[in-house]
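Asker: First the structure, then my questions, so here it is.
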């Protein structure tokens, strides 16, 4: 195949090449052939294993030698840091180890986990390799990342010869390490390596050296039942009553718990305290009883263990044995006088705990055949045989617990159908309720136990009976979405519109919890979609609040009134906006919800969403308002929605505006209908500002240069000159000149008052203020504007004005800014007191590369931050006002 041109370095999916596989299997001739034909000696598998590594692992000395002769890298390790020397040491390949050392292998190099060649050899008991490594200077004290030393690992695995050798080389006999910070003696004792234990003790190992949790060698040997080790440790003076571990237990306790009777006898023979308890009060007898070690219990009782001694929580040996059904231990304890009535701190007696866990023989032995409490517990846990036994022995079937729960009630709640059947056969009262009104049918309906519900209805359970709060079985099933139970209850005549005490109907609670299938079913059964609860909330309102979109849609399809409000005026749209459910808001708006509705505090959905910071809802509401008003007033809008959306996506630009306690961008314009991108933004402000300062601040905020506009006496038709904004003299001159220009222009307009053009314009404006392509605005000052807002905040531009009418006495200061692809003109109108009346912006975008959203956002932030006025973005329109005859734009109100 090689002669035919096969790639000698081709590899399998795991990265193994032909050379790798030949080295792995020790095929020396094949290795020679591959090397002669250019096989890559350093090519590794996916996990970084080289041919030298795999040959060393398998002890192929000839292959290893050949690879080294061909320049194989002796130090190259796998992805986990395994070297050829480490893997050869681990597997006891002494000849390979020798060869690698002769070729300069690093004896101290460790894997990623800190495992050295010496640790690996010690773990596996390779005494000759350990010897060789030590002779070559391996560090006997070097530990892994978890602290494992060669002596520690050799002691754990019981390699006595390695332990002897390591001690001869000076290994620290008491050095701790590993995950539990244990010493060599501890690990040897735990694993029952008697020879190693003896050797370590002879070399002076600390017999009381404990793990990090306080477990001594004697404790761990007792726990694991290593009788010879226990005897040896006691012989060397181990403290027989010393406690340790997480529960601070003694050796006898651990031996009892695990049933090591021989160890127990040895410990007792050496004077172990039979009643010594753990820190939680558990004695050896209690531990043995819990685990059912009958011979251990006998031994402890014979040595005088306190039979009724309890733990901190009141747990006794009889309780522990009864809980686990250890009948022989229970018998033995009773024979020795165990207190049958002694309960733990929660009130459980041996009888109750046995009943709860269904241990019939223990219950009978404890004499609880006719007791009531055991019946309740057996019913709770569905132990049918126990229930039968107790009923046969006269247990009171009607006896309730302190909350009024009877056996049939608890069995119904837990869904134990066979137990419920049995109880009904024995005359259980199907109508008896607990202290808050739960009956078997009510609780089974709530839990969705359809078989139990069916059985109870067959026994004529009252489907209409409510709880104390008025909830019926249908309410409870609807609340939890138990569709099959709901069907069954409706088939049996449940009232689909029966209200609870607070007015909640089944449809209300199903809608509240978003159970769409249940809602469908109720509507099919003529549930009243309009019926509110006592506070006025309808099913549509509550499901809108909780954001259950599918339920909202279903209710609207079935005639729910989209604007039906609560007693306090809240509507579904208001509450959905507050709770940030954009999809619900979108659906409600599409179904005609009133977007301008107000709460008692006059807050609109938009104001609420803005205050809460629900940006997606804000965008939806603004967009709807824009479209609604554009349709109502037949306006032309040229400012895109992207302008405001951009602003919301750049919250850092809103920092100044957010300082204002006002609405921020509450409305949004629709998409543009023309391509020229010429925009006029008219701002109607209520607060005062110096005209000059306003312009200068605006320039500073927007980072655009601003200039004053100098006009001649010809008004609009005149040519404009530009001067720097900080030229104070020019500012004053401009204001004076513009005043004269305004007066001259107004006089000209009066002369043309009855011109055909103006008459025609008036005729184009209908009663609603909508013209074919023009709209005029009231110019009677901010007092009138405020009155209009108070009367109707949403009526924009309904008052006609006279195109030839005059403005209040005003100055005009203007500025022009420019940057890259657009120009911006700012016109500030003031009165004689330099109070701003109106500010006009003209933006002409000259390139598609302009970020129109950013430009408009910058303008808005500047105005809001400077004036502090609660501006609203209104709708676009065609306007006729001084000094422009016509312009398209959007205005701030």
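Cβ from N, Cα, C; glycine included.
Under the heading repeat 'ANK', TrEMBL lists 14-46, 80-112, 113-145, 146-178, 180-212, 247-279, 370-402, 403-435, 469-501, 502-534, 535-567, 568-600 (among others). If you look up TrEMBL, you'll see 743-815 marked as region 'Disordered'. Here TrEMBL flags 756-771 as compositional bias 'Polar residues'. The compositional bias 'Basic and acidic residues' feature in TrEMBL is assigned to 772-797.
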Asker: Report, as numbers and ranges, which residues of the same chain sit near the repeat 'ANK' (370-402): CB under 8 Å and 6 or more residues beyond its ends.
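Answerer: Residues packing against the repeat 'ANK' (370-402) from afar: 351-352, 354-358, 360, 363-364, 408-411, 414, 416, 418-419, 422-423, 426-429, 432, 434.
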Asker: Sort the residues of the repeat 'ANK' (535-567) into helix, strand and coil with DSSP and give the three counts.
Answerer: 16 helix, 0 strand, 17 coil
Asker: For the repeat 'ANK' (180-212), jot down how many residues DSSP puts in helix, in strand and in coil.
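Answerer: With helix first, then strand, then coil, the repeat 'ANK' (180-212) has 16 helix, 1 strand, 16 coil.
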Asker: Pop the mean pLDDT for the repeat 'ANK' (113-145) in here, whole number is fine.
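Answerer: Its mean pLDDT is 97.
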Asker: Per DSSP, what is the residue count of the repeat 'ANK' (113-145) in each of helix, strand and coil?
Answerer: 16 helix, 0 strand, 17 coil
